[in-house]
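**Q** I grabbed these lines from Swiss-Prot:
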type	residues	note
BINDING	32, 33, 37, 180, 181, 182, 208, 323, 350	3-phosphoshikimate binding site
BINDING	32, 106, 134, 182, 354, 395, 420	phosphoenolpyruvate binding site
ACT_SITE	323	active site, proton acceptor
């Protein structure tokens with residue numbers, strides 16, 4: 001994909017043109033979750049690391065620049081080759097003189113809170129208006145037992161967060177897993193540089209478990225072992241050093257989901273190369289959900305193929321793959337019967353309240369949606385065109401763009417918000433249908 005910025009990212013609206021079908025191989029950019037994890041691990045390894053097929057998006061660029069402010073590494077980004085080179089400077093980690101601002105990047109902010117515990121001095125970490133509403137309290141409560149003083153500046157459990165660092169000694173702590181698995185991943189990764197063994201006990205059920213599996217897989221690939229008792233306890237032995245070298249990021253399963261959804265609703269065929277049965281990304285399991293809804297699927301070692309068919313509603317617990325709930329929801333809008341998507345309370349505290357956003361925008365398109373605190377019941381029908389509000393949320397924009405491939409008159413407001421995770425989304429969509437029209 002060209003490194004030249006897509007002018008559609010600057011448009012106020014984007015009108016999606018319909019198409020009748022397609023049979024295409026679509027190459028999806030690297031995983032955002034893995035790129036963030038490799039960046040964090042590499043920055044703590046003390047060795048040069050090259051991250052190939054990295055996702056270069058708003059989130060990962062914010063994270064790269066934030067890591068550099070501690071002074072111990074440089075992160076050289078090559079947009080032409082989708083590569084990030086992380087190189088130690090030989091200097092110790094020190095708190096930056098300026099606040100660290102990460103925009104809407106939730107995973108980087110949560111990783112940085114723990115990382116700042118290794119940096120001498122006081123670090124302030126903050127983000128955009130929505131980020132300043134998102135909960136960090138469970139992580140802030142867990143860090144003092146490991147020697148790190150981390151507090152919400154306004155006392156509300158949300159950013160800005162103040163961290164007094166140089167003190168991440170390790171030891172034992174407990175943390176709730178009910179709000180976000182990113183807190184657990186943050187502690188596990190940053191325990192890599194703790195002075196003693198670090199034991200992390202999960203005090204209740206852990207949501208979004210596959211994301212912790214991705215953290216453990218990334219650490220293992222870079223030579224770090226973590227002892228575990230299921231999802232109840234994780235122990236990171238001290239004295240380990242992550243090895244540098246070269247790592248390759250597999251395609252992003254969340255980004256892939258939009259093209260699987262397109263194949264489903266258009267009774268078309270799509271092949272996604274570079275990702276297969278061995279992936280630790282929980283969002284890969286959307287394939288099984290689409291199969292239950294009537295699609296034909298093939299999951300090989302290095303590719304995934306989905307062919308759409310007559311769609312029917314299903315009942316499904318999506319707790320393990322919350323990021324692809326919007327993708328499933330747009331498919332449900334075209335399915336016969338009702339799709340009941342449950343156990344998705346975590347969507348209330350994403351870039352927007354995604355349960356409310358998906359419900360509102362599907363209703364605009366004439367679809368009956370029953371909204372619950374942690375669920376959506378979507379009764380399929382014949383959606384009509386609508387002007388879609390995107391709530392500064394990349395996943396809402398991409399989801400409803402897929403609906404616009406089948407339904408005439410779908411207009412996406414603020415199409416540039418996709419840059420958070422998939423800046424080449426509109427160009428990738430062109431591989432299915434080249435005729436997209438932007439209006440100013």
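Just so you know, glycine gets a Cβ as well, placed from its N, Cα and C.
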**Q** Roughly how many angstrom lie between the C-alpha atoms of residue 420 (phosphoenolpyruvate binding site) and residue 208 (3-phosphoshikimate binding site)?
**A** 20
**Q** Let me check the 10 A CB neighbour count of residue 354 (phosphoenolpyruvate binding site). How many other CB atoms are there?
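**A** Neighbour count, Cβ to Cβ under the 10 Å cut-off: 25.
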**Q** Near the residue listed as 'active site, proton acceptor', which residues of its chain come within a Cβ-Cβ distance under 8 Å, counting only those 6 or more away in sequence?
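**A** Spatial neighbours, sequence-distant, of the residue listed as 'active site, proton acceptor': 254, 257, 283, 395.
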**Q** Within 10 Å of the Cβ of residue 181 (3-phosphoshikimate binding site), how many other Cβ atoms can be counted across all chains shown?
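**A** Residue 181 (3-phosphoshikimate binding site) is surrounded by 26 other Cβ atoms within 10 Å.
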**Q** Tell me, which binding-site residues from 106, 134, 182, 354 are within 10 Å of residue 208 (3-phosphoshikimate binding site) if we use the C-alpha atoms?
**A** 182
**Q** In sequence order, what residues of the same chain, 6+ apart, have a Cβ less than 8 Å from the Cβ of residue 106 (phosphoenolpyruvate binding site)?
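**A** When sequence neighbours closer than 6 are ignored, residue 106 (phosphoenolpyruvate binding site) has 131, 134, 182, 350, 351 within Cβ distance under 8 Å.
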**Q** What's the CA to CA span in angstrom from residue 32 (3-phosphoshikimate binding site) over to residue 354 (phosphoenolpyruvate binding site)?
**A** 19
**Q** Cα of residue 37 (3-phosphoshikimate binding site) to Cα of residue 354 (phosphoenolpyruvate binding site): how many Å, rounded?
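**A** Roughly 24 Å, rounded to the nearest whole number.
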